[in-house]
């Protein structure tokens, strides 16, 4: 199985400092849905690992979150792809759970649901927490500069050694402008191997 893991907010859909609270507010970043479908068609199984503390904060309920994920699944299916698994953390940062990224609980959930290892899988994210979770679980981190990605890229450029950020080799993390560009690079590499 060629597993590929995606963060949600800021990678697949537009992010908001006020949280995405409904299916109506959930809007895909241009090209992201098509990129997921292309990855599926190239033989990748897609899983999503997303922190959703808005649930724990009471900004939206489980029904609203499920409606957002149903919208995502339907759009991807209409484009010719599928989502194998969506793992989410509903906790706030101060709850001390192990599922919230940069912890690896969401990745362990994906492993259990798909009966596979995440080790060696690409993990595409826009935040430092995504990159840290990827490394902690032996995934291959990739950064997109949508969402919080520009700020994360600035952090990586300032900490080349990784000492401050807790990353092995920040300068070795591939960076792409968006999910469409990241998918194109991964597909090209996959087809060349």
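Any Cβ shown, glycine's included, is placed from N, Cα and C.
Positions annotated as active site, nucleophile by TrEMBL: 7. For 9, the entry in TrEMBL reads active site, proton donor. Annotation comment: TrEMBL describes 7, 9, 126 as Mg(2+) binding site. Marked as Zn(2+) binding site by TrEMBL: 89, 91, 97, 99. The site 'Stabilizes the phosphoryl group' annotation in TrEMBL covers 50, 101. Among the features that TrEMBL reports, site 'Contributes to substrate recognition' is placed at 100.
Annotated features taken from TrEMBL, shown on the structure.
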residue: 7; record: active site, nucleophile; DSSP class: coil
residue: 50; record: site 'Stabilizes the phosphoryl group'; DSSP class: strand
residue: 89; record: Zn(2+) binding site; DSSP class: strand
residue: 97; record: Zn(2+) binding site; DSSP class: coil
residue: 126; record: Mg(2+) binding site; DSSP class: coil
Check: So around the Zn(2+) site, 89, 91, 97, 99 aside, which residues have their CB within 8 A of the centroid of those CB atoms?
Finding: 51, 90, 95, 98, 100, 103, 105, 106
Next item on the list: Using C-alpha atoms only, work out the spacing between residue 99 (Zn(2+) binding site) and residue 50 (site 'Stabilizes the phosphoryl group') and round it to an integer in Å.
Entry: 10
Margin query: I need the CA-to-CA distance for residue 101 (site 'Stabilizes the phosphoryl group') versus the residue listed as 'active site, proton donor', whole Å please.
Written below: 13
Item checked: Most crowded position, judged by CB atoms within 10 A, among 89, 97, 99 as binding-site residues -> 89
Check: Rounded to the nearest angstrom, how far is the Cα of residue 100 (site 'Contributes to substrate recognition') from the Cα of residue 91 (Zn(2+) binding site)?
Finding: 7
Notebook entry, point to check: Given the recorded Mg(2+) site (7, 9, 126), which additional residues of the same chain have their Cβ within 8 Å of the Cβ centre, ordered by sequence?
Noted result: 8, 10, 11, 12, 15, 50, 125, 127, 130, 146, 147, 148
